Amino acid sequence: MFSNYKKKKKIYFSKMHGLGNDFMVIESIKQDFILTKSIIENLSNRNTGVGFDQLLLIEKSNNFKFDFHYRIFNANGNEVEQCGNGARCVGLFLFLKGLINKRKIMLSTNKKNISIKFMSDNNIQVNMNEPSFKLEEISISKKIVLNNFSVKLINKNLKCSLVSIGNPHCVIKVESINNAPVKKIGELLEKNSIFPQGINVGFMKVINKNHIQLRVYERDVGETQSCGSGACAAVAVGIAKNLLCDNVKVDLLGGNLIIKWKGFNYPLYMIGTACHIYDGYIYI
């Protein structure tokens, strides 16, 4: 039994969270290992592994314009395009590990590149780029008009809006955040054939033009305490529909974020905290 450990690779990691959205953060800059889908699934198990919503992998960048390359894997081992809360945690990880010594970090990703800035109030700002309402940015099986999209679920049409924040989001406006059918509708939309690669589903209640409440059902994960890209998506839709101003507080189950967007042709900014929980190592 114990001899098996000699055959395994020891890797060091940090457990972190952004407003309750929790991560296992690993760097492959100073250590060498191979991650497979099954390994990630085992690591994500909250009873027998580390347990997390997503695994964040930091790699060397092949482009001199960027400090590092950043990859995101859901708990089921699937690689995804974007994670706003994760980006803030990656920034804090790089700072705590002494891998960076400047206030602004440039990260390349598999889809959209992002920049991270450390603020004077211990918050972290992420430039999430301009939201996209273009069909080609969202994997969908039929042509639709994005701001007038409805899908038939449970014998009724559900009105929602679609937007990409580097990853696909469906935003639904609700009257009650507590009574929103997050799990029921989230599962139905995620598995709907109209979204062949799945979809993140946000349920947004508008309090006023500067304040919303939000719950998010994340693709491959389920409802989480917080979703940074989901907050960006909800605010982008709200601003595009003239429901919100350009500076919005977003209340999530795990805390709040500030989202700023001046509108089309401008980048969107997310501001919030990141927390380091503990460091550890595990054999894979």
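Any Cβ shown, glycine's included, is placed from N, Cα and C.
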Candidate from ASN122, ASN167, ASN265 that Swiss-Prot assigns to the same substrate site as ASN21, GLN54, ASN74, GLY84, ASN85, ASN200, GLU218, ARG219, GLY228, SER229: ASN167
Least surrounded among the active-site residues, given as CYS83, CYS227, when other CB atoms within 10 Å are counted: CYS83
Among ASN85, SER229 [binding-site residues], residue with fewest other Cβ within 10 Å: SER229
Where ASN74 (substrate binding site) sits in the secondary structure, as DSSP reduces it to three classes: strand
